[in-house]
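TrEMBL has this to say about the protein:
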- 1-23: region 'Disordered' (REGION)
- 44-73: transmembrane segment (TRANSMEM)
- 85-112: transmembrane segment (TRANSMEM)
C-alpha cells in the first residue's frame, strides 16, 4: 500500500490521477584545487607525450607541461598570472618527484598525465 495520497492516485488508473513528476535536475560541478586546476589544456600529442614521460619518470611530464603554460596553453585558473600557474605546475612536478620514492608520487604522476590527456581530448 502506498504511503502518500499522490502515489496512491497514480497507482490506480481509474481515479484520474496523474503521475507525480519525479524528475529532478541536478547539476554537478567538479571543484578543483589550485594544483589540479593548473593543469594546462595542451594539444593532444603533447599531452600523450607528457603522460608517457610521467609514467616512466614521475614528474617529468608535469615539468614539461609547465612550460606549455608559458607558451600560451590555457588552464582553469584564468584569474591567475601565467607565471603563477607555471610555478604551480613546477610545484606539482616536485611533489611527484619527491614522493615517488614511496610510490605515491608515481601514482599521482600517472593520474596527472591521464588528466592531461582527458583535458586535451576535451579541448580538441
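Cβ atoms are placed via backbone N, Cα and C, with glycine included.
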Note = Same-chain residues at least 6 beyond the ends of the transmembrane segment (85-112) with CB under 8 Å of its CB atoms are 34-35, 38-40, 51, 54-55, 58-63, 65-67, 69-70, 75, 77
Residues of the parent chain within Cβ reach of the transmembrane segment (44-73), under 8 Å, 6 or more residues beyond its termini = 38, 82-83, 85-86, 89-90, 92-97, 100, 105-106, 108-110, 112-114, 116-117, 119-121, 124
